[in-house]
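Below is one structure, written out as C-alpha cells, with a few remarks after it.
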Amino acid sequence: MPQYRSRTSTHGRNMAGARALWRATGIKEEDFGKPIIAVANSFTQFVPGHVHLREVGKLVAEEIEACGAIAKEFNTIAVDDGIAMGHGGMLYSLPSRDIIADSVEYMCNAHTADALICISNCDKITPGMLMAALRLNIPTVFVSGGPMEAGKVRLTDGTARKVDLIDSMIAAGNSAVSSEDLERYERSSCPTCGSCSGMFTANSMNCLTEALGLSLPGNGTVLATHTARKKLFLDGAKRIVELTRRFYEQDDVSALPRSIATFAAFENAMVLDIAMGGSTNTVLHLLAAAREAEVNFTMADIDRLSRGVPCLCKVAPSTEKYHVEDVHRAGGVFSILGELNRIGLINDHCLTVHAPNMAEALKKEDIVSPQVTEEALTRCYAAPGGIPTIEPYSQSARWESLDDDRVDGCIRGGEHAYSKDGGLAILFGNIAQDGCIVKTAGVDESVWCFTGPARIFHSQDEACDAILADQIKAGDVVLIRYEGPKGGPGMQEMLYPTSFLKSKGLGKACALITDGRFSGGTSGLSIGHCSPEAAQGGAIGLVEEGDLIEIDIPNRLLQVKLSDAQLAERRQAMLARGNEAFKPVGRQRVVSKALQAYAALTTSAAEGAVRNLEQIHIKRD
C-alpha cells in the first residue's frame, strides 16, 4: 500500500520543525494524517481567462477541506498571448510553458503534496500544468476557468453579428473599417472573463483534457460566467479527494495520471483535435505532455491519425457561425467523441477521472445517447448571459433547446461530416523534412493546392510591415523564418501577419509559411512548425526570394521547387558564412538571458519544443 507522500514532512520526531511551520499555515492537530492536496491556481489580473480564478481557488480549497483533506493553494504565472502578441512579449509565451511545469513540480515535491488539482485556462497554462501532472504522476484533476462568451457587435450601418478577439485584429488592419466601427469591435469582442470564445489554443487544450480523461465533462465548454461552472469546480474538488484516497488507501493505480493518459488516450485526444479543427499549438503541447508521461507518441502518429479522421465540428476561427458556447449547446466534447466512437475512431477502453472507462462515460455524457443522464442534459443547457462581467458563475441563462442536429448542426455525424479530411494535417517535403502543420479546417478548399513565389522575411515584424504597405500581392507565399524555438527564440505566434492578410483581402489568395507557430485564432493557408527550423540548419533557411513554393494539402506535401543538387549547393554556400550561417540577416532583437537559456535547451517543434538536457556541453580543462 503506498504511503501518503505528505507523511515525509508531517510525521516523526525529526519533523517537529516542519510541523511547526505547517501549523503556522493553519493546520490543526487533528488535521495531521489527512492527505495534502495542492491547488495549483493561475490567477492573475493580466489575463481575462484568469482574472476570476482567485475566487475559484478559494471555492475549490474549501470544498476539498469539506471532503476531509487539506488544501494548500499556490499560483503559477500566466501569459496572455493576445496581449503579448505582435511585439517582443510573444518571445516569452512558449517558454513560459516550461516555467509553469517546473513551478508546479517544485511546489508539489518541495512540500510533499499527495495530489494535485489544476485550475488552469489559457494557452500555455493548461499544457504546462499537464506536463507537470504527468511528470509528478500523483492523483490529478483539471478544472479550467472556462471559455468567454462570444461578443455581439452592432456596427454603424446597423449590421449585427457575433464576434471574438480575432475580429478586432482583422478590423484594425482594414482601412475600410472606420475608427468608430473599430472601437465597437474592440469594446464588443471580449465581453466577459474566460478564455477567448473560439476554438483557439486555450479552449482546444481544455477540451483535450476531457479526451485524455483528466478532467470532468464540460471542462472545455461550460462558460466561465455560468453557474454550471461552479458545480464543475465543486465536483472537481470532490473528485480529487476520491482519487487521492483510492490511490493511497486502496492501492488503486488507475487513479494516477499515467494510468489514464496512455498512448491510446493520446490518440483519443489527437483524434478529437483533428475532428474539431483545434489549434495547431495543441500538437506541440500533446507531444510535450506525452514525453513527460513517457509515452512514445510522435509526429508520425499524428500524421497517421490525420489521414483517417473527418472534420465533425467547425468553430471560430474556421467559421463565423459557431463559437465554443455553441459546441456546448450541441453536447460539448463528449458528443464529438460520441460521433467519433460511432465510426470506430475512439479507444473507448481508456480510463477517466470520472468514469470507469470512456465507453461508460460516453453512454452517460453524449446527449444523443439513449442512456444520457439528466445531469449531462441539464449542463448542456447552460447558455451565455449576454452581460459583460468578470465575475465567475454569475449568471444562469439557459438555451431554449439543445442542438442535437447531426446533419446540419454544429456537431456532425460521420456521414454528414464537414469534410472527410480532418481539421489538421501534417505536411512533409524538402523544406519540412521532419514535418509541419496546417489547420485545414480553416483553409478554403480552393487553395488546398497552391504554388507561388516566396517572399522572405526574418521576423514577423518585417512581414507585417510589408503586408500593411501593400507589398504582398495575390499569389505570394509569405515565408517567415528564424522564428522557431531556437531561432526566435521562443517560437512566436504569427497571428498579426495572418490577420493583416485578411484585412487586405488576401486571406484566400496568399499562403504563409513559418518555422514559428500560429495562434489558435489563425485561419487561412497558414503552415507552421516547419522542422527542422532555420536556426538548426533546416532547408527553410535556404529558400531565396522568388523561389517557387508548392503546397499540396491532399498529398501532404510542402516543397520548394529546387533539385536536391541545388539545395546542396545553397547549403554549402550558407555554411561558408561560418558563425553567421543559418542566422537572420539584419535583424535587431534583444534576447534576454532567460530566453538564451531557453534557446540553449529547447528542441524542434517536431519534438514538442521540449527541453533536451543532452544539449548541455560542459567544458573541462
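Each Cβ is built from the backbone N, Cα and C atoms, and glycine gets one as well.
Pulled from Swiss-Prot:
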- SER519: active site, proton acceptor (ACT_SITE)
- ASP81, ASP123, LYS124, GLU493: Mg(2+) binding site (BINDING)
- CYS122, CYS196: [2Fe-2S] cluster binding site (BINDING)
- LYS124: N6-carboxylysine (MOD_RES)
Cβ density check for ASP123 (Mg(2+) binding site), other Cβ within 10 Å (all protein chains) comes to 33
With every protein chain in view, how many other Cβ atoms are within 10 Å of the Cβ of ASP81 (Mg(2+) binding site)?
28
In sequence order, what residues of the same chain, 6+ apart, have a Cβ less than 8 Å from the Cβ of CYS196 ([2Fe-2S] cluster binding site)?
PRO48, GLY49, GLY82, PRO147, MET148, ASP164, LEU165, CYS190, ALA202, ASN203, GLY521
May I ask for the distance between CYS122 ([2Fe-2S] cluster binding site) and the residue listed as 'active site, proton acceptor', taken between their Cα atoms and rounded to an integer number of Å?
12
Cα-Cα, ASP81 (Mg(2+) binding site) versus SER519 (active site, proton acceptor), nearest Å, comes out at 8
Excluding ASP81, ASP123, LYS124, GLU493, please set out which residues of the same chain place their CB within 8 Å of the center of the CB atoms of the Mg(2+) site, keeping sequence order.
VAL79, ALA84, MET90, SER93, LEU94, CYS122, THR201, ALA202, ASN281, SER519, GLY520
Once DSSP output is merged into helix, strand and coil, ASP81 (Mg(2+) binding site) belongs to helix
Measuring CB to CB from GLU493 (Mg(2+) binding site), give everything in the same chain under 8 Å that is also at least six residues away in sequence.
ASP81, MET85, MET90, SER93, ASN281, GLY516, ARG517, PHE518, SER519, THR522
Per DSSP, three-state class assigned to GLU493 (Mg(2+) binding site)
strand
